[in-house]
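Before any comments, here is the structure.
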Amino acid sequence: MAKIDVHHHFYPPAMRQALDRAGGDPSGWYIPPWTLELDQDITRQMKVTTTILSVTAPGPGIEPDVTKAAALARSCNESAAAIRDAKPQQYGFFASVPSLFDTAAVLKEIEYACTTLRADGVTLFTRYGKGSNYLGHAAFRPIWADLSRRGAVVFIHPTHPVDTQLINTWLPQPMFDYPHETGRAAMDLLTSGILQDYPGCKIILSHAGGTLPYLIHRAATMLPLMPRTLGLSTEELVEAARTFYFDTAISSNPVTLKALFEFAAPGHVLFGSDFPNAPHDAILRFTNFLEAYELPEETKRQVDSGAALELFPRLKGILDKAKL
């Protein structure tokens, strides 16, 4: 049976070189080794049949010059497309884009990646620029309009908050802070009108939605009761939050999975690993826990591949032909 990993990173040479020039990841996380051989080894261990590659944060925006950032996004996308073309049953990819404040460059890269390279979707990070500019920012509306028109799958991955100071030296930001950033970005989308105005996108939130499933009822209950309201009821806000898709990357534990499956709409949970950025043994521990977690067989099938095949028609055709 097919198993599709929708949260799976790679480091093309141009991206690794850009990170080295910048002195590493601003979040404090290490830059892990990545080769195609290492990638295929972990997928065998996880029994994954198809991997959707993506460039993780900070992405092309590590280049402060907008022209260089656009060129880096193009190079990453062409590297991903080459891997996919060599093994179309085993790989797909989410396209990288430069900073969303560079609207023209982003729209140009989305057009090229989706039309020429046939990307399976687009990666966006939780915020852009020097401030707390989350994905509901008014400047990003032309990009959301374009993605909605295309019916694009949008993979939202956390990046470092404005304040890069660590809790302490034991805790680089991806370990604990990133789920908060995902929750913040999701709430910004819910309360800025983006989801209502551009409903064509299918949005995947990383790491089981971060803090969103845990905190949505807190915010949704109070928002309609404030002096300044959105005009949405508690129930409408919660239902809007349930339209997101959620991957399981480094999130498979009894507390998180219970909350996620109670909250997410049916068919909206997808398997993810976070290779190579999570430690190898942690990836296998989370993967094995998910496999052993008691779920109805149809739900297991949806998590492994069914939900992803609904999102990625290219893969559905290929895997149906292969009878996976």
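Quick reminder: no glycine exception, Cβ is built from N, Cα and C everywhere.
Taken from Swiss-Prot, the feature Zn(2+) binding site covers H7, H9, H157, D274.
Within 10 Å of the C-beta of D274 (Zn(2+) binding site) we count 24 further C-beta atoms, all protein chains included. The record gives H7, H9, H157, D274 for Zn(2+). Within 8 Å of the mean position of their Cβ atoms, the other Cβ atoms in that chain belong to H8, S54, T56, S206, D247, A249, G272, S273, F275, N277.
Sequence-distant neighbours of H7 (Zn(2+) binding site) (same chain, six or more apart, CB under 8 Å from its CB) are I52, S54, F155, H157, S206, H207, D247, T248, A249, G272, S273, D274, listed in sequence order. Non-local contacts of H9 (Zn(2+) binding site) by the CB criterion (under 8 A, 6+ apart in sequence, same chain) comprise W34, L53, S54, V55, T56, D274, F275, P276, N277. When secondary structure is read from DSSP and collapsed to three states, H9 (Zn(2+) binding site) falls in the strand class.
The Cβ neighbour count for H157 (Zn(2+) binding site), using a 10 Å radius over every protein chain in view, is 27.
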